[in-house]
Amino acid sequence: VLMILCVRALCGSLSVCKFNQDICQMTDLLYTEKDLVTSLKEYIIQEENKLEKVKEWAGKLDSLTITATQDPEGYLGHPVNAFKLMKRLNSEWADLESLVLKDTTNGFISNLTLQRQFFPTDEDQTGAAKALLRLQDTYQLSAYTISNGDLPGVVHKSQMTVADCFELGKIAYSEADYYHTELWMAQALTQLDEGEESTIDKVTVMDYLSYAIYQQGELERALELTKRMLKLDPNHQRANGNLKYFEFQLEKQRKAESEKKEQEDKKKEKKVLDKRDAQRKRSKDPLPERKKYEMLCRGEGIKLTPRRQSRLFCRYFDNNRNPRLLLAPVKQEDEWDRPRIVRYHDIISDSEIMTVKELAKPRLRRATISNPTTGVLETAPYRISKSAWLSGYEHSTIEKINQRIEDITGLEMDTAEELQVANYGVGGQYEPHFDFGRKDEPDAFKELGTGNRIATWLFYMSDVSAGGATVFTDVGAAVWPKKGTAVFWYNLFASGEGDYSTRHAACPVLVGNKWVSNKWIHERGQEFRRPCDISENE
């Protein structure tokens with residue numbers, strides 16, 4: 001319990017937050033779960049003969065939590081572990097509580113009731129499920145691959161049960177996401193067909209699966225599944241009603257198809273692609289470049305021509321003989337030419353990273369964006385991460401980091417925003433966006449009074465096992481996280497006009513844990529450091 005209290009002191013109060021795939025607060029959940037298991041085992045000692053089922057439950061979770069707490073970040077870096085942790089604490093522990101409530105005087109119930117205030121909610125469990133679905137789409141992973149735990153860079157392999165797959169399918173179903181409902185109900189059915197024991201029966205799974213398939217326009221498959229259901233349960237009321245309806249609709253469809261057979265054949269060839277596109281239309285996906293964004297996240301970006309590649313170099317950089325860089329120039333590498341994106345290697349030390357993370361962890365809150373209309377900071381569904389802001393006045397390390405950025409860029413830091421530290425857990429992302437305020441957003445940074453964001457400096461404070469790239473969707477560039485490095489680019493041309501080619505995104509973390517910190521540098525104070533140019537795009 002003392003260990004849990006210490007972790008809570010570091011990560012902040014869980015009772016007033018949402019988890020949003022934040023590793024720090026989800027690590028706290030592991031210790032909470034471990035404490036519950038310990039309490040449960042003490043209860044079993046007193047009631048072992050009476051509660052044999054409870055003893056089996058504790059045995060299963062005991063080994064799991066011991067392994068998990070030995071390497072919490074590595075364990076939670078696996079998306080299935082993160083989802084199952086949410087599912088266990090939100091759903092399965094509640095079932096166990098009902099089982100033992102007959103004796104409310106025992107220590108286990110008291111401890112469980114006490115810890116429940118820190119448990120994730122239905123919203124948190126849904127968020128964990130959506131993170132898995134987001135990863136599945138972005139990295140083109142099959143339900144089998146995820147269920148089997150075969151992900152790149154995985155240390156703590158974890159497999160999904162029929163119940164896990166079914167729960168994921170149900171969450172997709174509740175969102176009218178029939179594309180993912182089909183994928184996960186089909187996986188649950190496959191695992192049942194292969195002999196896995198589960199409290200979920202085949203008829204229940206097929207009921208969801210047939211409806212999801214029907215909603216996507218595949219009447220023949222829906223009819224086949226319905227007939228299979230009725231062989232298992234001839235008296236299933238909904239299946240009997242659906243059988244007649246599907247047969248009637250299929251007959252109508254066949255008559256229509258006979259008139260347009262050639263066109264329908266072409267549509268069938270594109271069925272796999274069209275099903276996901278149709279789901280996007282149903283969900284009114286607001287992101288026009290999603291396909292390109294996801295391709296870049298998978299490493300399928302535009303390759304520079306040999307001519308352009310030949311213009312990219314590595315060099316030691318002292319920014320025109322800056323006194324602080326003369327004896328220790330920094331390692332600069334060109335990542336992209338238009339817009340110019342440069343990476344600095346070995347630019348932040350491990351000890352500095354540790355200090356920044358320790359300062360940030362107690363303050364981590366759901367990351368915000370600037371409302372383009374009002375300029376007010378607010379949360380958004382397309383930015384899934386936790387962030388904190390650190391000032392140079394509060395710690396010498398932050399002051400040194402700010403000075404280092406100023407020395408390298410030559411830009412004034414007094415008018416820059418505070419250092420923002422962000423943690424992207426599994427599935428954490430920030431969809432394509434601009435850092436600068438566009439012409440139709442005149443009040444984007446009005447409250448700051450320092451003008452537009454002229455440039456962005458981004459530190460990578462961790463390596464990421466898989467995923468987590470920074471991608472520039474307009475030009476096809478992808479920059480991959482590497483601990484101790486930083487990337488820098490200008491958001492505005494010297495004329496003050498926005499560079500629209502800097503539209504970028506943080507890809508979802510597939511496996512691992514991504515820590516970054518960034519400095520948004522503003523126009524005010526740069527008048528003599530980066531003089532204006534009359535050319536609009538120079």
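Residue numbers in this text run from 1 along the chain shown.
Here the Cβ of each residue, glycine as well, is placed from N, Cα and C on the backbone.
Keep in mind that TrEMBL annotations are predicted by a computer and have not been checked by a curator.
The compositional bias 'Basic and acidic residues' annotation in TrEMBL covers 256-277.
Positions annotated as domain 'Fe2OG dioxygenase' by TrEMBL: 415-523. Counting residues per DSSP class in helix, strand and coil order gives 3 helix, 51 strand, 55 coil for the domain 'Fe2OG dioxygenase' (415-523).
The region 'Disordered' annotation in TrEMBL covers 256-290.
What TrEMBL lists as repeat 'TPR' is 203-236. Same-chain residues lying 6+ beyond the ends of the repeat 'TPR' (203-236) with a Cβ under 8 Å from its Cβ atoms: 162, 166, 169-170, 173, 178-179, 181-182, 185-186, 188-189, 192, 242-243, 246-247, 249-250, 253, 275, 278-279.
Here TrEMBL flags 1-17 as signal peptide.
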Legend entry - Average pLDDT across the repeat 'TPR' (203-236), rounded to a whole number: 95
Legend entry - For the repeat 'TPR' (203-236), the number of residues DSSP places in helix, strand and coil: 27 helix, 0 strand, 7 coil
